[in-house]
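Step one of this worksheet: look at the structure below.
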Amino acid sequence: MARPAPSPLLLLVVLAGALAGGGEAALLKAHFYRPSCPAAEAVVRDIVVARVAADPAALPARLLRLFFHDCFVRGCDASVLIDSMAGNTAEKDAGPNGSLGGLDVIDTAKAVLEAVCPGVVSCADIVALAARDAMHTQFGRDLWDVQLGRRDGVVSSASEALSNIPSPSDNFTTLEAKFASKGLDVKDLVILSGTYISSQHR
Ligand code: HEM
């Protein structure tokens, strides 16, 4: 049976809309790096396009999921990328994040951007751009605008990831509360869950 290609579409439209509506959104702006690092968006897009070409079946959805899991914990601040240290188990090592993929794509983009514009482009913005660009590879166009200027977080807690990221064992009341805490309503929850289930049973 043919893969139902639109499955990530509903996810990202709702997710992107919710994120754009967040309190931080007012501080972000389009083409934030144009004066400070004009190549930033092109660098991320070129890397994503090249990496997706090598892994077209899995990587686009993984980059989208990485953005989702980052944003559900402390906002879209790249806290999901922080490594655990002595005395702190980071988000990355929480159960729901054990199967994340695409982190190496973010690492590559960050390394290239550090060479081009040291200390300018945040990992949080790279994660946001990579999700948009990954979907661009699937749909041939940008499906949402990415406002930029996020700052990277410095706090990353596995327990916060566990309590914020929806679990397959959550009941409806808990899912509703978790989504509401991110500005998502029941309609968003139904669309996201249905799309998620269909994507898992393709
Ligand atoms: C509605 C609540 C959600 C729950 C309970 C949930 C739960 C899960 C679980 C249990 C997995 C399997 C993980 C594993 O294999 O270890 C998974 C995979 C996945 N989820 Fe979600 N998820 C939800 C929403 C979302 C959303 C909103 C997105 C995208 C924005 C998303 C994207 C994905 C993707 C792409 C995978 C497959 C990853 C891969 O194969 O590499 N999920 N999810």
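Cβ coordinates are placed from backbone N, Cα and C, and glycine is handled just like the others.
TrEMBL lists 1-25 with the feature signal peptide. The domain 'Plant heme peroxidase family profile' feature in TrEMBL is assigned to 27-202. Annotated disulfide bond per TrEMBL: CYS37-CYS117, CYS71-CYS76, in sequence order. According to TrEMBL, the feature site 'Transition state stabilizer' maps to ARG65. Marked as active site, proton acceptor by TrEMBL: HIS69. Taken from TrEMBL, the feature Ca(2+) binding site covers ASP70, VAL73, GLY75, ASP77, SER79, GLU91. According to TrEMBL, the substrate binding site annotation covers PRO166.
Feature map: TrEMBL annotations on the structure.
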residue	record	contacts (Cβ under 8 Å, 6+ apart)
CYS37	disulfide bond	LEU113, VAL116, CYS117, VAL120, VAL121
ARG65	site 'Transition state stabilizer'	LEU100, GLY101, GLY102
HIS69	active site, proton acceptor	VAL80, GLU91, PRO96, ASN97, LEU100, ALA161, ILE165
ASP70	Ca(2+) binding site	CYS76, ASP77, ALA78, SER79, VAL80, LEU81, ALA124, VAL127
VAL73	Ca(2+) binding site	SER79, VAL80, GLU91, SER156, SER157, GLU160, ALA161, ASN164, ILE165
PRO166	substrate binding site	PHE72, LEU175, LYS178, PHE179
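Checked against ligand 1, the recorded positions CYS37, ARG65, CYS71, CYS76, SER79, PRO166 give ARG65, PRO166 in sequence order as having a Cβ less than 6 Å away from one of its atoms.
In this structure, the binding-site residues under consideration are ASP77, GLU91, and the one with the smallest number of other Cβ atoms within 10 Å of its Cβ is ASP77. Using the Cβ center of ASP70, VAL73, GLY75, ASP77, SER79, GLU91 for Ca(2+), the list of other same-chain residues with Cβ within 8 Å runs, in sequence order, HIS69, CYS71, PHE72, ARG74, CYS76, ALA78, VAL80, GLY153, SER156. In the three-state DSSP scheme, GLU91 (Ca(2+) binding site) falls into the helix class.
Within 10 Å of the C-beta of CYS76 (disulfide bond) there are 25 other C-beta atoms, taking all protein chains into account. CYS71 (disulfide bond) falls within a helix when secondary structure is assigned with DSSP. For the domain 'Plant heme peroxidase family profile' (27-202), the model's pLDDT averages out at 94. Cβ neighbour counts within 10 Å, taken over all protein chains shown, single out CYS71 as the most crowded of the disulfide-bonded residues CYS71, CYS117. The secondary structure of SER79 (Ca(2+) binding site), as reduced to three states from DSSP, is helical.
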